[in-house]
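Sending over a structure as structure tokens; questions will come in a sec.
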Amino acid sequence: MTHKISVLHQDKKFDFSLRPKKLTEFCGQKQLKERLDLFLRAAVQRNEVPGHCLFYGPPGLGKTSLAHIMANTIGKGLVIASGPQLLKPSDLIGLLTGLQEGDIFFIDEIHRMGKAAEEYLYPAMEDFKVDITLDSGPGARSVRLDLAPFTLVGATTRAGMLSEPLRTRFAFTGRVDYYTDEDLVSILSRSSQLLSIEANQETLLEIARRARGTPRLANNLLRWVRDFAQMREGNCINSAVAEKALAMLLIDNLGLNEIDIKLLSVMIDFYQGGPVGMKTLAMAVGEDVRTLEDMYEPFLILKGLVQRTARGRVATPLAYEHLNRNPKDRWGEE
């Protein structure tokens, strides 16, 4: 079945318009949502500020959206900061003293905060107090300021890099996992309605299968299919059009992109399937180690295409099969 697309005149608020505003609009992550809903409602019922929260997991899975939902749920403001920009106490003072009672203070990539800034957060999180230094030199003096009670929400793709003193100060910790294809179809169905795109379930499933279990990528692919159909298919969209649009992005039916294929090909064709170190792989494909570890490796492991060992990464038989290679070559069998 083919549908017409109603092209939006303005798409500048694309990401914000698709962001769920309450937990009932947040698809997937059932157990996490149940726990968070109970946690927030209990605090509201007691007329208290919710405890500090930490969300961790791969990028693009909704950690920032959960911070927005928390602010909407308790009816308070949201202040957003980025960990790499918070290196020293002076980077935090203005943000902390500007918070109103009950505000959500969201720090993305919290694991990348500077150590001095992190330690400055401890009394703010525990006692809602900070010390500031007035003047300098022999006449310098320290003054303790009271802060409005707030909820710190941290998001990280690398929970293991958080120090124990920081990690244990969070009252609520939740892992955000990759989404199922069914959950992504639900997300895409909602997004297509908001963007006035008519697409049937078959078409949305075609997009979901290639979205790597990630809502952010799924929504971006939906917009790309919409653009492709507008420019190449007379504003008509169906599963065949979606398949052609996604093939143009070099995304295969498993959701692997050009870098994924390069990684697997290097491991199989040049290192007999491994083990091979991540630094070697990074040089071979022209990416840095951190990008590969954060953006590519988790999905390859999830799909059973790569294994991590003490000696390095190893391509699995599924990887050989997906690339139409003979797994017997790995062991030099006849």
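Each Cβ is built from the backbone N, Cα and C atoms, and glycine gets one as well.
Pasting the relevant annotations from Swiss-Prot:
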BINDING   Leu18, Arg19, Gly60, Lys63, Thr64, Ser65, Glu126, Asp127, Phe128, Arg169, Tyr179, Arg216  ATP binding site
BINDING   Thr64  Mg(2+) binding site
BINDING   Arg308, Arg313  DNA binding site
REGION    1-179  region 'Large ATPase domain (RuvB-L)'
REGION    180-250  region 'Small ATPAse domain (RuvB-S)'
REGION    253-334  region 'Head domain (RuvB-H)'
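Give me the lay of the land around each of these features.
In this view, Leu18 (ATP binding site) is surrounded by 20 other Cβ atoms within 10 Å of its Cβ, with every protein chain counted.
The DSSP secondary structure for Thr64 (ATP binding site) is helix. Of all Cβ atoms in the protein chains displayed, 20 besides its own lie within 10 Å of the Cβ of Thr64 (ATP binding site).
For Arg308 (DNA binding site), the same-chain residues lying six or more positions away in sequence with a CB closer than 8 A to its CB are Glu297, Ile301, Val314.
Computed over the region 'Small ATPAse domain (RuvB-S)' (180-250), the whole-number mean pLDDT of the model equals 90.
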Which residue among the binding-site residues Phe128, Tyr179 has the fewest other Cβ atoms within 10 Å of its Cβ, if you could check?
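Ranked by other Cβ atoms within 10 Å, the binding-site residues Phe128, Tyr179 bottom out at Phe128.
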Under 8 Å Cβ-Cβ from Gly60 (ATP binding site), six or more apart in the same chain: what's there?
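Looking at Cβ-Cβ distances below 8 Å from Gly60 (ATP binding site), excluding near sequence neighbours, one finds Thr214, Pro215, Arg216, Leu217.
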Would you find the one among the binding-site residues Glu126, Arg313 whose Cβ has the most company, meaning other Cβ atoms within 10 Å?
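Of the binding-site residues Glu126, Arg313, the most buried by Cβ count within 10 Å is Arg313.
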